[in-house]
Amino acid sequence: MASAPTSKYNSHSLENESIKRTSRDGVNWDLSEAVPRLPGETRVADKEVIYICPFNGPIKGRVYITNYRLYLRSLETPIFAFLNEEKFNVDGWLVYNPVEEYRRQGLPNHHWRITFINKCYELCDTYPSLLVVPYRASDEDLRRVATFRSRNRIPVLSWIHPENKTVIVRCSQPLVGMSGKRNKDDEKYLDVIRETNRQISKLTIYDARPNVNAVANKATGGGYESDDAYHNAELFFLDIHNIHVMRESLKKVKDIVYPNVEESHWLSSLESTHWLEHIKLVLTGAIQVADKVSSGKSSVLVHCSDGWDRTAQLTSLAMLMLDSFYRSIEGFEILVQKEWISFGHKFASRIGHGDKNHADADRSPIFLQFIDCVWQMSKQFPTAFEFNEQFLITILDHLYSCRFGTFLYNCESARERQKVTERTVSLWSLINSNKDKFKNPFYTKEINRVLYPVASMRHLELWVNYYIRWNPRIKQQQPNPVEQRYLELLALRDEYIKRLEELQLANSAKLSDPSTSPSSPSQMMPHVQTHF
């Protein structure tokens, strides 16, 4: 049996190394911990180095060399975003201003008001400081309602239809429990929401969970709105599974695409992951929300358990279908900042930034699933979105990279405590400083067009350019030839327009000069030769 080649480096065993280092902020890194390796990946060597980072300068760390890759573990800090000193010509932190966004929607008005009851995050520590609530509900009413909603996440407005004035409201589950508790303040509050649009007789409640899960949550003090307590509401369950099911589904996707693609049984292997089934259920739920609001039949209240995972998926996708503004680059950034970041999706828990416990049960690809749904929509409506596929991939890459502060921590209050906007750079600074790279050349701006994607397994597909792009046996996808040719034609058009303007200026100068005035009208028309 041939022995492994000896490295020229002074290597140490990855499994037996017992060196420990302490970072600047007191975090202990145990280097005896084996570097996570892929099937078939073997260690060659490891060595302590100083890496010249293009963003932050020299960083001390240990590089682990395998037969497949280089793996650098920094000894300096677990969160790179706080060291990143990149400079951009735009400030991405200024993209989202909640007052301006609600004003764009025509708020406040006679039925909805802006409240600062949560200014110091005393009402709900996972909600933003600024909330939009019914005009008839006092701040004291909101405090009483908060006691009956999980994590104090009361029903608040996300979006209002510009014409029929129906709304999308989001919250968490009611604390009904096994005894079937009721809260008159909560019941009255939902009735007030319904009455903000006097044309509707029922408020539609979409519970993102499967019915059996919602019933099971009663055992832990949660539950759902019963017909007996909420007479003017209709409740529908959307059968979207929880974070644990989604995590296991993505693991199965990873197993069939990396490091080897299962070619012989590809379709059955993909089906066994159930990933596209989950995408279908999320899209189907969002379509129901969008259709109910667009038709003017009813205002909609959306919740799951705590209102920060499936709820964010449904509200943001429905708003993307209903409001063409969110399909622009800036609009999509605002949508993510508003519905995901400010309303407390638990990015730190779901992604695990700076946490080496990869087996944590809180990990789940909820935001990835949302972006996948957006990609599915962009495939079905190729001219409806200003941004391209690279835009979505860039967002996901930096969801995990820790290069920017945009997705750090679980909620707005935690980001304020850590002064994230002062100490880190925003992802939107990178994107908005080079928008042309992320623009869809086929984009056609349309106002008030509602998108209804087909949420059928026949129309959904695995996002190959994202999930399989790092497979060593898959060639990097070339740019779309149709898109490339279209960009070339646009550049040619701009060149001809510029040339025509130059000729028109030259001709105007000649006409204004009496000494060079043409003797006949035919001489006044310049002859321009083009390829067309």
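Every residue gets a Cβ built from N, Cα and C, even glycine.
TrEMBL lists region 'Disordered' for one of the ranges 183-207, 508-532, namely 508-532. Confidence across the domain 'Myotubularin phosphatase' (92-467), taken as the mean pLDDT and rounded to a whole number, stands at 95. Within 8 Å of the Cβ centroid of the substrate site, not counting the listed residues ASN242, ILE243, CYS304, SER305, ASP306, GLY307, TRP308, ASP309, ARG310, the chain contributes ALA208, THR311, ILE366.
Here the domain 'Tyrosine specific protein phosphatases' (273-335) has, by DSSP, the following mix of helix, strand and coil residues: 46 helix, 4 strand, 13 coil. Between the farthest pair of Cα atoms in the substrate binding residues (ASN242, ILE243, CYS304, SER305, ASP306, GLY307, TRP308, ASP309, ARG310), the distance is 12 Å.
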